[in-house]
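Residues annotated as domain 'FAD-binding PCMH-type' in Swiss-Prot: 13-185. Here Swiss-Prot flags 161, 327 as active site. According to Swiss-Prot, the feature active site, proton donor maps to 231.
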């Protein structure tokens, strides 16, 4: 089966699949009317931002709605800057905008691919900062009522790579805008890896931004050169007891203590030390510089990528007894599906 609209330019893995129809929306009103019409018609619909967190395993027998809405408005009070951002804005460009406006707080999240509207769905995060730390509200279209509604940060039920939009509002909501709240009393977040060498008293937000961009550019391949979706696996969270057992057998294991006493393990370390860094299965491979990233080595299909992911999960579980979970959405013929394609 082949549909008329190619999806290859609209997914960063560069997988060659197609869809039945495609609509580009440039305004919030257009986004509302388009999505409501499709939802009420009960036809398969996929709302797509940057396509940086998705694996197409088949042609999509429905309509892809590309969100291209733009707009950033800023306000402030005595303690905070506030940004209201339309869903179609590019996330990294928003980070640059905020720094250029002397509104620090987003620098740790530099170079994360995708759009602002996609950011709350999986509560994007990097280098010790998550969206939930700076999110004020999320506005969404309720597909059942047709109303625009707004959730506070608490109501979004954010967790590690999780939110209400992956839970009870999955397939029922389309994010239209996101509100951010940045403290004027800025404090650098330097707990992770390459940022630990900075002096908290003297470092600037621009220096953190530059370092994050430098490190991400070194480790993460440019999707235009080597198709990928960034980090493919979530960093698994284990109990303190499990971590101690693992550390006894693998003294160099990388883990980060969590506020609740659990430990977040570095999935990239687990994959590398399971002997899979640079491993390839057909046209899909584990990136040679960053084992957390799966790449399209040429003409990989979505099935190739999923098969490789399942192999990585099985091998890491075999070596460490830890089960990895995939981050990207796996999209089949009529909607979201599982890795086991």
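Heads up, the Cβ atoms here are built off N, Cα and C, so glycines get one too.
Values in this document were obtained by computation on a predicted structure and should not be read as measured data.
In this structure, residue 231 (active site, proton donor) is part of a beta strand by DSSP.
Around residue 327 (active site), taking its Cβ as the centre, 18 other Cβ atoms fall within 10 Å, counting all chains. The domain 'FAD-binding PCMH-type' (13-185) scores a mean pLDDT of 97 in the predicted structure.
Annotation note: residue 161 (active site) sits in a coil segment as assigned by DSSP. Mapped onto three states, the DSSP output places residue 327 (active site) in coil.
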